[in-house]
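Marked as domain 'ABC transmembrane type-1' by TrEMBL: A:75-264. The domain 'ABC transporter' feature in TrEMBL is assigned to A:305-556. What TrEMBL records for A:12-34, A:77-103, A:115-135, A:188-209, A:246-264 is transmembrane segment.
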Amino acid sequence: MSTFIKLLARNRLAIFGAAVLGVIILLIVVTPLLPLPDPDATATADRFKRPFSDGFILGTDHLGRDLLSRLLWGTQLSLAVGLAAALIAGTVGAAIGIVAGYFGGRIDNVIMRAIDMLMAFPYILLALAIVAALGPGLLNALYAVAAVNIPFFARNVRGVTVSIAHKEFVDAARLSGMGHIRILTTEILPNVLPVVIIAMSTTIGWMILETAGLSFLGLGSQPPQADLGSMLGEARAALITAPHTSIVPGMMILLIVMSVNLLGDGVRDALDPRLRSGALSRPMAATLVRRDETPPEEAETEAVLSLENLQTRFEVGSRIYRAVGGVSLAINPGECVGLIGESGSGKSVTALSVMGLVASPPGIITGGAVRLNGQDLIGAPYRRLRALRGDRVAYIFQDPLSTLHPLYRVGDQLTEAIRVHHRISRDAAHERAVKLLEDVRIPNARARIRSYPHELSGGMRQRVAIAMALANEPEVIIADEPTTALDVTVQAQILKLLDDLRRDRGVSILFITHDFGVVGQLCDRVAVMYAGRIVEEGTTAEVLDAPAHPYTKRLIACVPELGAGRRELHAIPGLPPAVDQLPHGCAFAPRCHKATGLCATSEIELTGTGRKVRCILPEEDVA
Amino acid sequence: MGGYILKRLVSAVPVLLGITVIVFAIMSLIPGDPATAILGSYATPENVEKLNRDLGLDKPLVQQYFIWIGNMLQGDFGRSFALNRPVLDEVLDRFSATLVLAGAAFILCAVLGIIAGVISAARQYGWADRAITVAVILGISIPSFFLGMMMILFFAVRLKWLPVSGMYAIYGGGDLPDLLRHLAMPAIALSLVATGVVARLSRAAMLEVLRQDFIRTARAKGVGEGRVIWGHALRAAMVSIIPVLGIQAGFVLSGAVYIEIVFQWPGVGRMLVDAILKRDLLLVQGGVVFVAACYVFFNIVVDVAQSLLDPRIRT
Amino acid sequence: MSLSNVTRRGFGALSAALLATSALVLPAVAQTPPEALVIGQIAEPKSLDPHAVTAVNDFRILMNIYDGLVRYKPGTLEVEPSLASGWEISEDGTVYTFTLREGVQFHDGTPFNAEAVVFNFERMLNEDHPHHDTGPFPLSFFFSAVEEVEALDAQTVRFTLNAPYAPFLSNLAYPTGLIVSPAAVETHGADVGRNPSGTGPFKFAEWRSNEAVVVTRNPDYWDGTAASEALIFRPITDANTRVAEMLAGGIDMMVEVPPTALSQFRTDDFKVAEQAGPHVWFLILNAKEGPFADKRVRQAANYAINKSALVNDVLEGTAEIAAGPTPPAFAWAYNEELEPYPYDPDKARELIAEAGAEGAELTFYVTEGGSGMLEPISMGTAIQADLAAVGFDVEIETYEWNTFLGRVNPGLEGKADMAEMAWMTNDPDTLPFLALRTDAWPDKGGFNSGYYSNPKVDELLEAARASTDQAERAKLYQEMQTIVQEDAPWVFVANWKQNAVTAANVQNFQLEPSFFLLLKDVGKE
């Protein structure tokens with residue numbers, strides 16, 4: 001509840017809405033106490049007085065009635081009616097929806113068909129017909145508006161109920177012999193209620209509009225009673241002579257509906273768990289860069305790609321997650337470097353930072369450099385970054401089902417990758433795409449090129465992704481756990497493919513993984529990441545055979561090895577630290593069996609050349 | 001594909017039949033009778049009774065219903081009591097006018113709404129996003145009939161830029177520019193709420209899509225941001241926008257009633273309001289069945305569009 | 001080229017040619033063309049078959065397409081020759097013999113003659129007539145006294161009545177008496193209402209549903225050709241939109257200007273025409289039951305309602321206070337000595353106290369609009385407030401016009417204590433005969449929905465209707481008015497001055513007491 005209030009309070013528009021609505025409600029609450037003239041007292045000689053004239057704050061209407069008084073009383077009525085209509089529609093609609101969703105089968109079918117029919121009816125005409133049948137009057141208009149909105153609620157609630165009705169706790173309740181009524185009221189209803197409340201809060205404004213509409217057509221409140229719609233309807237005849245009589249109620253409707261909508265949106269946003277995490281913000285085209293120090297734009301280096309003290313963080317509200325806390329890594333031409341670590345270690349963020357693909361907000365690169373052939377990419381203009389992406393540096397991502405566009409044919413996605421960097425004809429690009437698919441050993445490439453991603457197997461999809469990465473013959477391929485989502489035999493095929501391609505084409509690979517087994521098959525060198533930093537680096541053979549960092553050692557110990565017979569698998573006790581609360585000194589110390597007091601006192605450097613380790617008590621000497 | 005469409009069309013038949021029953025039932029429940037309406041001031045009980053007999057309204061309701069349905073299946077929608085004209089002629093005339101108005105408003109709401117939503121999402125928290133958000137809130141809060149009245153007052157009466165009412169100039173005109181000038185205000189007034197709704201839902205859908213992995217893939221390929229947003233992201237977002245458009249089409253069709261009254265548009269909504277108030281049974285029944293059929297048909301179109309867009313639905 | 005081909009595009013060419021030179025400097029919105037008169041109507045016509053319609057709105061078009069045997073002399077309600085060049089009435093007042101004008105043709109080219117006249121009345125009155133099924137003919141009872149219509153020769157027609165019936169000639173001048181081409185009825189059947197053919201100054205050109213009815217000048221009109229090339233009747237049901245169109249220059253004239261908008265037109269760009277007509281706006285009081293069964297309470301209601309505020313403020317001077325049941329427009333039948341009930345709330349309270357009806361709860365039927373109903377909701381609301389001021393608790397129920405009629409015409413008993421009503425007739429006989437006689441109670445097929453009954457009044461009305469001597473009729477009607485005012489079966493509220501607005505360049509326009517719109521001589525400068 002308090003989070004709800006807090007979230008609501010953070011939404012400035014909702015606060016504005018609440019404030020306006022609050023003022024309006026306050027006004028109509030004190031209306032009976034205000035020294036206002038009788039809203040229905042006519043004084044035809046005083047008709048159409050302009051606002052602020054002769055003691056009429058808002059002027060008078062066509063019968064000389066005080067507009068302010070009518071406005072306040074009318075607002076009271078309109079708000080009450082809107083609220084009542086929402087309540088009635090919500091209650092009845094929810095009841096129907098719950099029954100349909102819970103019982104399912106024929107009951108559901110019949111009810112939903114009826115709802116379909118009602119929804120195929122133009123709602124205003126339905127409301128009109130209902131009012132015509134019941135006779136005019138505000139109460140009847142209220143029923144009509146409520147009635148035409150029932151299908152909307154019923155449909156929404158039914159959807160939610162269906163998803164709840166098949167959950168375990170409902171089954172459990174059923175098995176325990178609870179009656180339908182009991183289950184509906186004690187198990188289903190509490191879970192459906194938030195949906196109903198959200199729907200109601202977002203539709204009250206709508207209800208007020210609709211009721212005003214019926215009153216506008218003369219089917220709502222009966223004279224002399226004022227409600228906003230009838231005020232507007234009556235004022236219409238004098239629109240040109242005395243526009244204020246229309247504008248006053250019109251603006252009030254606008255204000256009420258607007259404030260109700262704003263507040264309703266705020267309530268919905270605050271109640272919606274997806275929005276609660278604050279995650280519903282879209283990533284920008286390139287990661288934001290906010291470096292305190294700008295490193296030189298160019299530097300002499302042998303490496304095709306080198307990371308220098310790269311720092312990337314996520315800023316969520318007041319919290320700062322240091323996902324990458326100063327990573328330096330170099331990849332030489334034709335080399336395959338593995339970057340390994342548990343999930344959350346920052347290895348993927350490191351990989352994405354290279355081409356500015358870290359989602360931002362909330363990601364920000366706050367320091368260091370990424371050099372491609374010596375040129376710094378961090379802080380490079382978007383145009384340059386874009387020109388290099390996929391052309392010089394290509395990516396292969398983890399789950400090809402979600403990383404390929406589901407609505408484009410794979411061929412189109414491939415040719416697009418080529419054509420954004422090369423001005424070649426569609427046909428030529430197509431031929432090239434076929435060739436690429438053949439290169440990644442997709443059988444029957446010419447037919448498969450017309451497939452959609454969902455029509456391919458996981459392995460095939462990943463081959464497509466690899467073909468896409470190869471499309472422009474890049475210097476570097478960054479493969480972010482490309483085999484994790486695949487089963488073991490396919491995994492082996494993909495690794496073999498990558499290895500062959502690397503050797504045939506001399507492309508460098510930065511290979512992100514959490515699996516030492518995979519590293520061993522492919523990588524020349526390997527760097528181990530923990531809590532946003534590299535803790536050990538060396539050739540694959542060295543690191544695998546003689547891990548220096550206690551963390552690496554434990555990590556390797558976790559890998560079951562084929563043909564190694566029975567060996568005890570040790571899980572590492574504890575969890576990696578949250579990167580918004582990194583411990584002082586060695587981040588691994590709290591989980592390390594060798595840790596001493598010294599480990600937590602000061603920053604620990606990555607020491608060594610070529611073979612490096614960040615530990616004051618390494619398992620192996622790396623000097 | 002063909003089979004899918006056929007299946008959808010067949011499944012619409014019971015819905016349409018149900019609608020005929022509902023219309024007929026509601027119209028039978030409404031007190032007052034067409035004879036009074038026809039006779040006007042001279043409706044004495046005696047005259048009314050005789051006229052009802054002539055019109056066949058003294059028969060049992062069930063029989064009346066089946067006579068109506070039977071005739072309708074043969075293409076005979078009957079004759080409007082109040083207009084003294086075949087229902088079908090009147091409905092077709094009016095319906096085409098409504099289709100023009102609602103169609104224009106729908107196109108406006110779809111195009112503007114999507115563009116606004118996409119820009120709003122792409123520039124999240126920027127000034128464009130804020131401006132659009134405020135405009136959208138205002139748009140969905142203003143009663144269309146009030147807006148229409150104010151537009152007439154301002155653009156037609158004061159500035160004389162646009163014609164006050166009607167669909168074509170009464171003399172001259174009749175061509176496309178003439179239609180567009182008459183269409184401008186009503187279409188905008190009618191589309192406003194729907195545009196707001198489409199914009200905010202497009203924004204939400206785009207935000208959702210822009211976080212997807214395949215957007216990152218596109219960017220990693222080096223696809224330009226324009227193409228990422230308007231191509232990759234929008235295409236995927238359309239999957240959730242299209243059903244919203246379907247719903248909005250229904251709202252626009254319904255909301256046309258007020259706009260047709262304010263702008264004197266010769267559409268089916270205004271006709272039906274009059275017909276309901278005048279107890280013009282056959283005209284109401286015929287008109288509503290037509291509108292509902294259109295709505296049902298449009299839903300099918302939406303589903304088909306959806307399946308064309310999203311290959312995953314097709315299989 | 002058939003008439004219906006004179007379409008929108010035809011006019012487009014016409015006006016385009018005329019405006020070609022000035023087109024470039026015109027504002028975005030084109031003005032009305034100089035040759036045609038555009039009239040803002042209050043509703044889509046129901047039919048252009050004069051025998052099938054009842055609404056003044058339809059009459060306004062019909063009077064320009066058709067002629068009757070007789071017509072009202074301009075500016076009066078007196079009958080003069082039209083298609084009949086003369087007539088004779090038998091001594092006993094039951095046989096009327098008309099001599100028809102020669103050489104007149106219907107717009108479809110068929111000749112107008114005695115057979116055509118017979119055809120018209122037979123179609124309406126004779127259930128066995130082959131074209132009687134092209135009805136219904138709701139106002140055929142205007143001629144229910146007609147026993148026989150015969151063509152004596154090509155130019156002579158004889159009507160035989162079953163009893164003397166004073167309003168007969170006046171009814172012939174009413175739109176129900178207009179003469180339709182028999183050939184058109186034979187060709188189009190029930191659709192003749194959409195394909196009308198008459199003898200009038202304009203011929204029907206086209207009817208675009210809900211957009212316009214266009215009629216063009218009849219070059220062969222027997223009474224001189226019309227001043228305008230064409231008339232375009234635009235249905236604009238919404239009064240506000242109609243006013244906006246008028247202000248914006250989209251129409252040349254409009255009728256039934258809402259009182260609140262009238263001030264907009266008091267400028268040099270417009271001309272406002274006013275004409276008092278045979279109209280009376282009143283409240284039916286339920287004299288059968290409830291507080292209004294007591295005459296004193298009925299009188300109290302007449303005293304309590306501030307009629308001058310109603311006509312001057314609510315109706316902005318578009319009406320005058322009514323004194324009794326007969327409007328002053330029927331000059332000869334009107335009782336000049338009658339003074340309206342003054343506005344006197346104290347007197348009203350006194351009478352109410354005498355009758356012991358203090359604080360009575362009343363149900364008041366109000367309509368949303370309707371022929372001659374003059375701002376019924378505003379009027380009803382103001383009346384409600386006046387009655388509240390003398391202690392009545394009045395609850396308003398509003399109904400759409402046709403629903404309203406469906407509730408009021410069968411009688412107010414058991415439903416309501418009072419109801420708004422307005423009548424426009426072209427003779428002083430019809431309204432009291434249909435709405436004040438004991439024999440006109442709803443169960444007897446009349447419109448006396450408040451169940452007023454006074455044998456003396458019944459007697460006077462029967463005598464006046466049968467008499468053919470105008471002086472005697474006047475005496476009877478004046479006596480009736482005095483009695484009815486005293487009995488107060490209604491609250492007499494207002495006599496409408498019908499109004500119309502034209503653009504300043506519209507010439508020769510005048511409103512008729514009959515409330516018809518005669519546009520033959522109206523043209524633009």
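One is the number of the first residue shown, and numbering goes on along the chain from there.
Placement of Cβ uses the backbone N, Cα and C atoms for every residue, glycine included.
From a predicted model like this one, the values you see are computed outputs, not experimental measurements.
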Beyond the flanks of the transmembrane segment (A:77-103) by 6 or more, those residues with Cβ under 8 Å of it: 24-25, 28, 111-112, 115, 138, 141-143, 145-147, 149-162, 164-165, 180, 183-184, 188-189, 192, 196, 199-200, 203-205, 207-208, 210-212, 221, 225-229, 253, 256, 260
Leading contact stretch, A:115-135, A:188-209, A:246-264 vs the transmembrane segment (A:12-34) - CB distance under 8 Å: A:246-264
Surrounding residues of the transmembrane segment (A:115-135) on its own chain - C-beta under 8 Å, 6+ positions past either end: 96, 141, 143-145, 147-152, 154-155, 210, 213-214, 217, 219
Tertiary contacts of the transmembrane segment (A:246-264), as residues 6+ beyond its ends and Cβ separation under 8 Å: 13-14, 16-21, 24, 51, 58-59, 67, 71, 74-75, 78-79, 82, 201-206, 208-209, 212, 228-229, 231-232, 235-236, 238-239
Rounded mean pLDDT for the residues that make up the domain 'ABC transporter' (A:305-556): 87
